[in-house]
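Shown next, in structure tokens, is the structure this report addresses.
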């Protein structure tokens, strides 16, 4: 079971039972005279299963985002379409997200995490089987349809890491849990860079090429089907007892008090969040553009190196995975959200500059090194943005703030991919990468201007809950309720 706080609650009396534990404590909210129950917190071992299952279906979906782009030239030949058409098989992930994120976050608020997880896993599974049926040169529209289904599934996935972390994890591990959630997406992209060039070699025989593509699609469909079944039977909505004081406050908020549209309106009036919204979009949009166009950039300077292009992409993302996990652990230890976010952003800019000016030196080992440096900071920034947003916007829904961040990233991702692609075609890869460097510099400046108002940390550090109706928690002695890990 859980341990309960020895703190005194100022507004309502505390009742202590004979066994030394505190019974339920009632807290009156002065303004609205609302009486709520002050609940202790508890951590369940099952939380690790939930976050790793989420990471699994996120991985499967993210793999499919880049599986076409990293062998762009091969799919151009198979379907007899332009490189821009193949680019859209990646960009459709970004485009689909923009109109659907708002109804999906509304659904999250109304139905919860389990329903969202079921939608994500099932739609992703359907998309993979549609693509299995698209392995003919005249069926490009079918593969686009399957990719659209997978891109729609992504809307139910991309903004969820911070939501899963907040609902299931304690205040001292929430950033690490968010990083693990993002890890699934990053690892999926990494596998998407590595596996397609190996499974689908650049052969001239179209029938042989079809067999290789079909094999890749069947493997993806089988994995997606298995993950869907696991989600159906294993994924749980939320723990019975909340893991943190912030979640206690949110659970006691009256349902009638919450309005999705009012929440969106408040977020757009939050100036620090708006600065983060734009700067996050600039950083992640640059990452999307680099990932989508990586094959074209590498092949231009190193012809015939499709497999190494995939390995360079793998290096980019694996370094980012390490960066994400280290940043998550660092945040949980230090709570230095703005300082860490700004430092990583500036180093992303430096990494992009180095990558841009060394890509054409003629040495692949240099490209591996610089892409690893770039990925460590640029991809490592992802969970930092999520968690900083949750801090700036508490008690607004984590799904809503993360959804808006990702919407910004998709918009900038589409714009940067199209513009950088045109710059590469008409000028050079160097010019295209300098274009991205400029916007990373702008994003760094905007991040420096963000006022650090860590609202969730204030809620978790204050044991007296006053005014639950407006989800604020007043200070008592600066200590949060202790928690003990319980069984699943």
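Cβ coordinates are placed from backbone N, Cα and C, and glycine is handled just like the others.
Note that TrEMBL annotation is computational and uncurated.
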**Prompt:** Quick one: which of 20-41, 152-173, 174-195 does TrEMBL have down as transmembrane segment?
**Reply:** 174-195
**Prompt:** Between 215-235, 236-256, which stretch does TrEMBL give the note transmembrane segment?
**Reply:** 215-235
**Item:** 70-86, 342-358 - the range that TrEMBL marks as transmembrane segment
**Value:** 342-358
**Highest-contact recorded stretch vs the transmembrane segment (215-235), from 88-108, 115-133, 311-330, CB pairs under 8 Å** = 115-133
**Message:** Before we move on, state whether the transmembrane segment (404-424) and the transmembrane segment (174-195) share at least 3 Cβ pairs under 8 Å, counting only pairs 6 or more apart in sequence.
**Reply:** no
**Message:** If contact means at least 3 Cβ pairs within less than 8 Å, sequence distance 6 or more, would you call the transmembrane segment (273-291) and the transmembrane segment (115-133) in contact?
**Reply:** no
**Request:** Report, as numbers and ranges, which residues of the same chain sit near the transmembrane segment (342-358): CB under 8 Å and 6 or more residues beyond its ends.
**Result:** 279, 283, 286, 323, 327, 366-367, 370-371, 373-378, 380-381, 384, 430, 433-434, 436-437, 440-441, 443-444, 447-448
